[in-house]
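To keep things clear, I will list the structure first and then write my remarks on it.
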């Protein structure tokens, strides 16, 4: 079925996945709050990433670096001078756009070219396309544009009691630099030999010119990043390894491979620090969008921090007796983006035999579902006994307890929030200590001893 973004956003708000930020005060543009189900879903996504990329990896370990860092970090990394987007303003609407995204949206929506990439084009090349194609502002419908200029994406603030340049600091625009500046601390304290990786999950902030598409592009967002260090010359081999590993992680959590593609960056599109980058893209209802960037950052970051800090980041190879600055592969994934992708991928509307109404269902992998099961007493008279099952299971799983309305309406409600199993406690349960377990996807029902529920859910939530 063709999926509509407005319908998915409406469901997310209605069912408590995501709410507009500061809603009672009219909101704040491009801010979103995760509701009770959204925070469970996103936490499960982060848990699944950490499990496979850190806990179960023989190579990788984790850290949690500070959001606020010495400004010299951003000077060394190049963010102060190079972390910019091409900005263009429409003189009539007074609205500001990212020039590259304005062109890409036009090429996709008007020309039908989903593969056109403007990133990497010069200002002159982008302005020529805008002028030659007669691209207009979506609001004013005019082509009365300013010249394209650079716009730095970093949020600036001040530390201390006075707001002057000596106290100027920045909210981090990426989590990666917190890993690079801790490279020696981690490598020495954990006695790691190459190859090895350092991963973390954390908030980052970018003053995006044109954020949008719900939680896909926001100014405050969460990243799940791994910096994997290896011997120079082995970086492409490891980049291919992490491309496959990342793709397999997505499909192991039931993301449809038909909605995924790998796209290699052209040479003129590569970031200044990269000699190879591949994006894993997902086909959202609004078009293809980047989920995961897997970049070979060479030795750029460690070398720059060595130059600016005076620290020696060379690795002494015990096998060859060489000294060299390691190369780095960075698989960088947006937690909000991939949560949105799992939400879009799971959404479905299905016809039900014997009913004229379609059911809305979220086909989440059980490991990601906000609730692993819902306990449903057939009658409120049975709630006292049914709640005991909730208490038994909720120490290990996220479980819902729902006793209101008919059992059919409760099934539909649980389908709509992606609960994989409904456990119905009926009057027979009082006698035989068994319950009816309904599968969300097949709608099939089986009778099961209460004593087997924990083992059943443990097995089903593996991935």
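Glycine residues also receive a Cβ, built from the backbone N, Cα and C atoms like all the rest.
Database features, via Swiss-Prot:
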type: BINDING; residues: 98, 174, 221, 222, 223, 224, 225, 330, 331, 332, 333, 334; note: substrate binding site
type: BINDING; residues: 206-208, 216-221, 290-291, 334-337; note: ATP binding site
Problem set entry | Other CB atoms within 10 A, centred on residue 225 (substrate binding site) | 24
Exercise. Listing them in sequence order, which of the binding-site residues 98, 331, 333 have their Cα within 10 Å of that of residue 219 (ATP binding site)?
Worked result: none
Exercise. Going along the chain, which residues six or more apart from residue 208 (ATP binding site) have their CB under 8 A from its CB?
Worked result: 30, 85, 98, 153, 217, 218, 219
Seminar exercise, completed: In all the protein chains shown, the tally of other Cβ atoms within 10 Å of the Cβ of residue 206 (ATP binding site) is 21
For this session: List the same-chain residues at least 6 positions away in sequence whose Cβ sits under 8 Å from the Cβ of residue 337 (ATP binding site), in sequence order, or say none.
Result: 215, 216, 221, 282, 289, 290, 291
For this session: Would you mind listing, in sequence order, the residues at least six apart from residue 335 (ATP binding site) in the same chain with a Cβ closer than 8 Å to its Cβ?
Result: 42, 45, 46, 49, 201, 221, 222, 223, 224
Seminar exercise, completed: Near residue 206 (ATP binding site) (Cα-Cα within 10 Å), the binding-site residues in question, chosen from 225, 331, 333, are none
Exercise. Under a criterion of Cβ-Cβ distance under 8 Å and sequence separation of at least 6, what residues of the same chain contact residue 333 (substrate binding site)?
Worked result: 49, 223, 224, 225, 246, 291, 292
Seminar exercise, completed: Cβ atoms other than its own within 10 Å of the Cβ of residue 331 (substrate binding site), all chains, total 25
For this session: Give the number of CB atoms, excluding that of residue 219 (ATP binding site) itself, located within 10 Å of its CB.
Result: 17
